[in-house]
Structures are given as C-alpha cells and as structure tokens.
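S.K.: Here it is: the structure, laid out below.
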C-alpha cells in the first residue's frame, strides 16, 4: 500500500498557532506531510525563506512525519515532484474560501489527480494571520498566545525588542 502524501503550502511569515494546528491535523491524516515554505515574489517577507524554514522545523520537530522544504515554483509542480495526492489548506473565513477556490481550480486544471483538502481553523485561530501577528509585534505588544515561543523571540529580534 502506497503512502498517503500531502503538501501544506504557505509563506509562514511567521508561522502561527493557526498554521501549526492545520499542520498537526494534516499529520494525523496523512503518512507524510511536506510543509512547503513558499518564496512568493509578490510578497515582501519579514523573515527569509531560511529563517522561516528554521522556525517551522523547530515548531514541528515533535511531528515525525512532517518534512520542511522550500519552493518557489508552481505549487502543483512541487506536489507532483513529492508524489503528493493532496494539497491541504486552512480556511478561516468565507473570504479565504473564495480565494482558495480560484487556486484550487487552477491546480485541478493543471493536474486533476491531486486533490485539495480544506481544513477549517479552530475558532480560537479564526482571526489569526501572519500579517496581524507582525503588526502587533512591531509595536512591542504581546504575541505569546498567537505564535510559538521561538517565533516570539525571532519577532522581538527582528523588531529590536530582544533583551
């Protein structure tokens, strides 16, 4: 029997508890989960791809079936390269669904053998985004309940609040 492989893509700039929840839930369902840290040329990231990968590796180290990699090409090509049969995306709101449906439709057009699975975020993460975390952290406010400890520290260092 072949392994069930999935890809969880995102910029993860930075990784939040919402992202981590989706990754953990995907890891419960699939044999191997590739977390694809995307290098999106349309975004101006706070953290480099290498920094985001290191933070992701730290926060997922207790998940033995999760692999952290980066990708800068088409997601569907990355999924095919990894022999994934699924792309897993987290949804917070209806607005997320509309955007994700466009991406899913294009991915299906490019390769109809790879399915997209949407996982609804837990209620406590429904408002959470990396952009909101960065905005709050930039002004020195507490983000301990939004991101893992290593991310809190990395944000403090980026914004000059470290001891």
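Each residue, glycine too, has its Cβ placed from N, Cα and C.
Annotated ATP binding site per Swiss-Prot: 11, 12, 19, 90, 91, 92, 100, 125, 126, 127, 128, 129, 130, 131, in sequence order, evidence recorded as sequence analysis. Residues or ranges marked as substrate binding site in Swiss-Prot: 11, 43, 75, 89. The site 'Transition state stabilizer' feature in Swiss-Prot is assigned to 19.
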S.K.: Cα distance, residue 43 (substrate binding site) to residue 128 (ATP binding site), nearest Å?
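M.R.: Pair distance, Cα basis, whole Å: 18 Å.
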S.K.: Hey, does DSSP put residue 128 (ATP binding site) in a helix, a strand, or just coil?
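M.R.: DSSP call for residue 128 (ATP binding site): coil, neither helix nor strand.
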S.K.: Pairwise over 11, 43, 75, 89, annotated as binding substrate, what's the top Cα to Cα distance to the nearest Å?
M.R.: 19
S.K.: 43, 89: which of these binding-site residues has the sparsest Cβ neighbourhood within 10 Å?
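M.R.: Lowest Cβ count within 10 Å among the binding-site residues (43, 89) is 43.
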S.K.: How many Å lie between the Cα of residue 11 (ATP binding site) and the Cα of residue 43 (substrate binding site)?
M.R.: 9
S.K.: Relative to the Cβ position of residue 126 (ATP binding site), how many further Cβ atoms are located within 10 Å?
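M.R.: The Cβ of residue 126 (ATP binding site) has 13 Cβ neighbours within 10 Å.
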S.K.: Taking the binding-site residues one at a time (75, 91), which has its Cβ surrounded by the most other Cβ atoms within 10 Å?
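M.R.: Per the Cβ count, the most surrounded site is 75.
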S.K.: State the Cα to Cα distance, in Å, between residue 130 (ATP binding site) and residue 43 (substrate binding site), rounded to an integer.
M.R.: 12
S.K.: In DSSP terms, helix, strand or coil for residue 75 (substrate binding site)?
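M.R.: In the DSSP reduction, residue 75 (substrate binding site) maps to helix.
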S.K.: Between residue 43 (substrate binding site) and residue 126 (ATP binding site), find the distance joining the two CA atoms and give it rounded to the nearest Å.
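M.R.: Given the Cα positions, residue 43 (substrate binding site) is 22 Å from residue 126 (ATP binding site).
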S.K.: Please list, in sequence order, the residues in the chain of residue 100 (ATP binding site) that are at least six apart in sequence and whose C-beta is under 8 Å away from its C-beta.
M.R.: 89, 91, 116, 118
S.K.: Between 11, 130, which of the binding-site residues has the fewest other CB atoms within 10 angstroms in the structure shown?
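M.R.: Least crowded of the binding-site residues 11, 130, by Cβ count within 10 Å, is 11.
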